[in-house]
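**Student:** I have a structure here, written as structure tokens, and I will follow up with some questions on it.
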């Protein structure tokens, strides 16, 4: 009879401990989720920045560099060296990379 009483008492204590622990963890998660939503709800524009300046495109030199980088990656995937990258034409060598 004593063992049943002790077992039930321990079961109640353990279950109440886990219930408090679960509630605390869920409150922390809810708080962090709500903070996360408020952080990413929309970026506030600075008064010193003109919104028209935010979406400036790439210059032609930047576009050539980006194209040549993509060309180099393409050649490397084929296990070839890059022969040349001019006027939006990508050429890889015939020899394999050693």
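Every residue gets a Cβ built from N, Cα and C, even glycine.
Pulled from Swiss-Prot, these are the listed features:
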| type | residues | note |
| --- | --- | --- |
| SIGNAL | 1-16 | signal peptide |
| DISULFID | 68-85 | disulfide bond |
| DISULFID | 71-90 | disulfide bond |
| DISULFID | 75-92 | disulfide bond |
**Student:** Report, in whole Å, the straight Cα-to-Cα distance of residue 90 (disulfide bond) from residue 75 (disulfide bond).
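**Tutor:** Given the Cα positions, residue 75 (disulfide bond) is 9 Å from residue 90 (disulfide bond).
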**Student:** Within 10 Å of each Cβ, count the other Cβ atoms, then let me know which of the disulfide-bonded residues 71, 75, 85, 90 comes out lowest.
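**Tutor:** The disulfide-bonded residues 71, 75, 85, 90 were compared, and 90 has the fewest Cβ atoms within 10 Å.
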**Student:** List, in sequence order, the same-chain residues at least six positions removed whose CB sits under 8 Å from that of residue 92 (disulfide bond)?
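**Tutor:** 74, 75, 78, 80, 81, 82, 83 - these are the non-local Cβ neighbours of residue 92 (disulfide bond), listed in sequence order.
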**Student:** Report the same-chain neighbours of residue 68 (disulfide bond): residues 6+ apart in sequence with Cβ closer than 8 Å to its Cβ, ordered by sequence.
**Tutor:** 82, 85, 90
**Student:** Going by DSSP, is residue 71 (disulfide bond) sitting in a helix, a strand, or coil?
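**Tutor:** The residue in question, residue 71 (disulfide bond), is helix (DSSP, three-state).
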